[in-house]
């Protein structure tokens with residue numbers, strides 16, 4: 001009896017052991033088909049926009065129900081941007097035309113978050129008329145002197161469409177919407193047999209301590225820089241230049257002991273807004289830049305500033321791309337280009353190269 005009982009226990013233990021071994025084998029196979037990337041960059045560099053592009057490119061885009069859910073975000077972004085400009089006027093020594101005083105009061109009386117299926121007519125009319133005011137347009141031209149969302153002008157120019165009956169946000173409306181990222185989000189998509197996992201972390205300073213949870217076993221880092229913010233200050237600390245902050249962050253990530261051999265895909269983002277700022281003097285913010293208003297020279301200069309920070313050039317490669325994260329076709333092209341790079345890195349990581 002004792003021997004039979006013992007054999008039964010042994011059989012159960014062996015079955016459990018075999019099950020664990022089989023699961024470990026399955027996990028190893030899955031790991032070989034999985035590419036993990038960590039998405040990094042300072043606040044408002046375009047990380048969340050890239051993730052939205054992933055959904056458009058690899059997940060079939062947004063359903064009408066999902067698009068409808070973005071209305072409140074888009075309406076709120078639009079009103080918040082107008083309020084930011086109105087609040088900045090006194091410091092800029094600018095004023096509205098007297099006829100717009102009542103419209104100013106209308107916008108300032110609106111709550112920060114708009115919870116409505118349709119943009120109220122009085123708010124839409126106020127935004128439309130204020131956007132035609134010369135003083136307000138001059139404030140937008142000087143937006144580097146205060147905090148203003150990149151999407152402000154786009155939404156102001158779209159106010160007729162956004163306030164029309166039956167409005168449903170377009171892909172471009174959604175791409176330009178802004179919600180501060182907090183915590184860690186994971187985006188997964190498949191290309192062929194490979195599964196890509198992209199981890200996004202909050203870009204603001206207060207969120208960076210959370211990045212450590214994503215550090216292990218990533219195939220590559222995707223680091224975003226907003227080129228257009230070379231003349232702007234941080235949201236959290238208006239004494240710190242945003243480009244200098246991005247350089248400091250890139251330095252700390254690139255040369256971290258966690259990433260000695262981890263390659264970096266560098267997105268030099270917002271090239272469209274960067275080009276619009278060409279008349280602005282870069283030498284004010286980077287005295288060693290001597291390229292004047294030349295776009296290519298400015299791009300090359302900033303690329304060199306980042307790449308030159310790499311202290312492990314022998315073991316770490318930096319792959320740079322100039323991007324406009326709101327341009328789906330361009331991002332699709334860039335993603336296709338880096339998939340080959342990621343595959344090579346992954347095969348090397350798995351010991352298959």
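Residue 1 is the first one shown; counting continues down the chain.
Every residue gets a Cβ built from N, Cα and C, even glycine.
According to Swiss-Prot:
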type    : residues                                                       : note
LIPID   : 2                                                              : N-myristoyl glycine
LIPID   : 3                                                              : S-palmitoyl cysteine
BINDING : 44, 45, 46, 47, 48, 49, 150, 175, 181, 203, 269, 270, 272, 325 : GTP binding site
REGION  : 173-181                                                        : region 'G2 motif'
REGION  : 196-205                                                        : region 'G3 motif'
REGION  : 323-328                                                        : region 'G5 motif'
Check: What parts of the chain pack near the region 'G2 motif' (173-181), using Cβ distances under 8 Å and only residues at least 6 beyond its ends?
Finding: 43-44, 47-49, 52-53, 56, 62, 67, 70, 73-74, 77, 149-151, 154-155, 158, 162, 200-204, 207, 325-326, 328
Margin query: Can you tell me which parts of the same chain pack against the region 'G5 motif' (323-328), counting only residues 6+ beyond its ends and a CB-CB cutoff under 8 A?
Written below: 46, 49-50, 53, 56-57, 171-172, 175-176, 224, 267-272, 334
Checklist line | Intrachain C-beta neighbours of residue 150 (GTP binding site), sequence separation six or more, cut-off 8 angstroms | finding: 44, 176, 228, 270, 273
Next item on the list: Could you put numbers on the helix, strand and coil content of the region 'G5 motif' (323-328), residue by residue per DSSP?
Entry: 1 helix, 0 strand, 5 coil
Check: Tell me, how many other CB atoms lie within 10 A of the CB of residue 272 (GTP binding site), whichever protein chain they belong to?
Finding: 16
Notebook entry, point to check: Which residue, out of the binding-site residues 48, 269, shows the minimum number of other Cβ atoms inside 10 Å of its Cβ in this structure?
Noted result: 48
Margin query: Just to confirm my parser: what is the rounded mean pLDDT across the region 'G5 motif' (323-328)?
Written below: 97
Note to self: Test of understanding: give the count of other CB atoms lying within 10 angstroms of the CB of residue 46 (GTP binding site).
What the structure shows: 25
Next item on the list: State the count of C-beta atoms found within 10 angstroms of the C-beta of residue 44 (GTP binding site), not counting that atom itself.
Entry: 24
Check: Relative to the Cβ position of residue 181 (GTP binding site), how many further Cβ atoms are located within 10 Å?
Finding: 19
